[in-house]
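Undergrad: Here you go, one structure.
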Amino acid sequence: MSFNTFGRIFTFTTWGESHGPALGATVDGCPPGVALDEAFIQQFLDRRRPGTSKFTTQRQEPDQVRILSGTFEGRTTGTPIQLMIENTDQRSKDYGEIAQAFRPGHADIAYHLKYGIRDYRGGGRSSARETAARVAAGGVAQAVLRDLVPDLRITGYMCQMGNLHLDPANFDASQIGQNPFFLPDASAVPAWEDYLNAIRKDQNSVGAAIEVLIQNCPPGLGAPVYAKLDTDLAAAMMSINAVKGVEIGEGMAAAALTGTENADEIRMTPDGPEFLSNHAGGILGGISTGQDIVVRFSVKPTSSILTPRRTINQRGEEIELITKGRHDPCVGIRAVPIAEAMAACVILDHLLLDRAQTGGVRGRIG
Ligand SMILES: Cc1cc2nc3c(=O)[nH]c(=O)nc-3n(C[C@H](O)[C@H](O)[C@H](O)COP(=O)(O)O)c2cc1C
């Protein structure tokens, strides 16, 4: 199976399966001299880790990262960084019933049609366990970004779960880490808890939407045709398991706008150009403008549910399937730190590309 590598200059290759002994990422292209240790990467993994609230799977995976190479005396050396996370809570017996059956909505049937090999234990390589490796790689990217662009902020949060929507008027970033939903509105948390409890009791699951806000991104990242920053951000988000749609700025809502409504008018200030609105989501012509970059994506409901669904088995027989095991009722929740990691890797890769091509020259205005 090929295509396990992300990026152009800052790259990572993930390896491993959900029920193998370990998984990880080999990060290459990381500049030398960047302060990096396991504790720094661990903080990102801890945000993604399952079992942290009753609304995520009760699988207990400590997701302890080890750095096997690429650092010396707490700094990167510029050589490949090997990151490893041991799998400690695999229960293959949880998957006994689906060994022969294809879960509707999961990758089982497509994998079988392509590879003809079935690793039913957690879906093997299609399992979102793989995203732990990306979050670890994202931690390396965050360490580099902290050095290169100290003001850059990447903030992910839930903005929708089922038919509950975040009220933008209540947005409070300080609340994101204070509740199980990465929700920037403390007042909405009880309603979100009741809603998800009801979904779970109903032996069901639900979809979600996540927004990632990238603040203080330098202008000039991206390229006009085949390395558009928006293309790469969209691909990065779409590569996360269960993501079904990605939008930048107004996204699909732009279809309903007129040109006068959508124009982000420009004024001149002593500090440089200023945009009066941000319908574009911080990217024009594939290149960052210096405005906030706004990426939004939808995550489908968890396909493994306890309510019987009609499907077929490997012998082609029509059956009804209940998927037991420990599954998140809303996988969108844990997609938040994964999306932040992917955003960090895309921005760093583009920062290094931009330095390689332009040496960081910036067009002056005024
Ligand atoms: C963090 C995270 C955890 C996930 N956990 C589960 C799970 O426990 N059970 C499940 O059926 N799907 C889970 N998924 C979704 C599947 O991995 C995904 O739906 C599957 O690989 C099929 O791929 P697709 O939905 O992208 O087409 C999870 C997704 C994410 C992002």
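Including glycine, each Cβ sits where the backbone N, Cα and C put it.
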Undergrad: Which candidate from Arg146, Arg153, Arg267, Arg326 does TrEMBL annotate alongside Arg125, Ser126, Ser127, Asn241, Ala242, Gly285, Lys300, Pro301, Thr302, Ser303, Ser304 at the FMN binding site?
TA: Arg326
Undergrad: Quick check on the binding-site residues Arg48, Lys54, Arg125, Lys300: which one has the highest count of other Cβ atoms within 10 Å of its Cβ?
TA: Arg48
Undergrad: Measure the Cβ-based neighbour count of Ser304 (FMN binding site), defined as the other Cβ atoms within 10 Å of its Cβ.
TA: 25
Undergrad: Within 10 Å of each Cβ, count the other Cβ atoms, then let me know which of the binding-site residues Ser127, Thr302 comes out lowest.
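TA: Among the binding-site residues Ser127, Thr302, the sparsest Cβ neighbourhood within 10 Å belongs to Ser127.
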Undergrad: Arg125, Ala242, Thr302: which of these binding-site residues put a Cβ within less than 6 Å of any ligand 1 atom?
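TA: Checking each Cβ against ligand 1, the ones under 6 Å are Ala242, Thr302.
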Undergrad: Can you tell me how many other Cβ atoms are located within 10 Å of the Cβ belonging to Ala242 (FMN binding site)?
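TA: Looking across every protein chain shown, the total is 21.
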Undergrad: Would you mind reading off the Cα separation of Lys54 (NADP(+) binding site) from Arg125 (FMN binding site), to the nearest angstrom?
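TA: Here the two Cα atoms lie 26 Å apart.
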Undergrad: Over all pairs within Arg125, Ser126, Ser127, Asn241, Ala242, Gly285, Lys300, Pro301, Thr302, Ser303, Ser304, Arg326, the annotated FMN binders, what is the largest Cα to Cα distance, rounded to whole Å?
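TA: The two farthest binding residues have Cα atoms 44 Å apart.
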